[in-house]
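K.L.:
Okay, these came from TrEMBL:
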ACT_SITE  Tyr142  active site, proton donor/acceptor
ACT_SITE  Lys172  active site, schiff-base intermediate with substrate
BINDING   Thr51, Val215  pyruvate binding site
Amino acid sequence: MTPGKKLQGLVAATITPMTPDGQINPSVIRQYVDYLVSEQNVKNVFVNGTTGEGLSLSIQERKQLAEEWVCQGKDKLDHVIIHVGALSLPECQELARHAAAIGASGIAVIAPFFFKPTNKDELIAFLQKVASEAPAVPFYYYHIPPLTGVKIRVEELLDGIKEWIPTFQGVKFSDTDLLDLAQCINKNEREQFAFLYGVDEQLLSALAIGANGAVGSTYNYLGQKTNLMLQAFAKSDLALARKYQFLTGEFLNFVIKLGFGVAQTKAVMTFVSGIPMGPPRLPLVDATEEFIVEAKAKLDSIVWPDGD
Ligand SMILES: CC(=O)N[C@@H]([C@@H](O)[C@H](O)[C@H](O)CO)[C@@H](O)CC(=O)C(=O)O
């Protein structure tokens, strides 16, 4: 891992591999890291988040996975960010201390979503109590209102946040409210925060308003194609960047109509990478055979601008 390097570019929201009987399967993480680096050119990971079913895992499982990702990522990955959010503050704090102790490059926290913070001050108070348990580790707020139901605008949250959380480093912004994201970027130019977008099918729009990178599930298997989109965007070749965005969008639009979530992501990653990701954990249920056949056929039918 590369300490001090700013987090930018693509970050794979990692899947949690499971055995057919539903236990976590850290034994394939070494192969998974090598696959991301060599086949997808993705060198940053976000562990135990939504795609990783972090909130469906026990604290012990989350620690074990975090340890494996940090260990296998050493000298191969640039950043291993561990999501330590949970409903209970002491659990978040325990996970934050653990992430610091094992040498994670950052921690991220989701808003608690059963008893929800109702305003910025309550949310900051919660985040601050977690961040202060890992005082030397960069801290990211994980904003995902479609799942948490916590709709406090990030623009508001960021106002003066460094006074409360000196380690504050950026936001994983998994929402479609690009006005909020744009205001965050515009008002915090001097802060050097990282703004990482989390709705993969509209990443190009977020790049246009200044996002530094992206965290998402599709970078596990479409990382290389999305990297080509980032390169085209960096060279101001908008026509080419759009082609990549339209094609990843075409795939996602297709699978979303079939019913697409973490279970289906696990199935797609399994057939693309050949690494067995296993079933999801209840209440999620396995993708159907029909989904797998149709999703594979769709992905195979796409002709990418690089000729692949
Ligand atoms: C709701 C959801 O799962 N969103 C994904 C996206 O990557 C999403 O899978 C993608 O945009 C396809 O819709 C990420 O924002 C989640 C994520 O980064 C995570 O697993 O922590």
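Note: Cβ is positioned from N, Cα and C throughout, glycine not excepted.
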K.L.:
Under 6 Å from ligand 1 by C-beta, which of these recorded positions make it: Thr51, Tyr142, Val215? Sequence order, please.
P.N.:
Thr51, Val215
K.L.:
Are there any residues at least 6 positions away along the chain from Thr51 (pyruvate binding site) with a Cβ closer than 8 Å to its Cβ? List them or say none.
P.N.:
Ala13, Thr14, Ile15, Gly216, Ser217, Asn220, Val262, Thr265
K.L.:
As a test of the contact definition, list every same-chain residue at least 6 positions from Lys172 (active site, schiff-base intermediate with substrate) whose Cβ is closer than 8 Å to its Cβ.
P.N.:
Phe46, Gly49, Ala108, Tyr140, Tyr141, Tyr142, His143, Ile144, Leu196, Gly198, Val215
K.L.:
Going by DSSP, is Thr51 (pyruvate binding site) part of a helix, a strand, or coil?
P.N.:
coil
K.L.:
I'd like the Cβ neighbour count for Tyr142 (active site, proton donor/acceptor), meaning other Cβ atoms within 10 Å of its Cβ, all protein chains included.
P.N.:
27
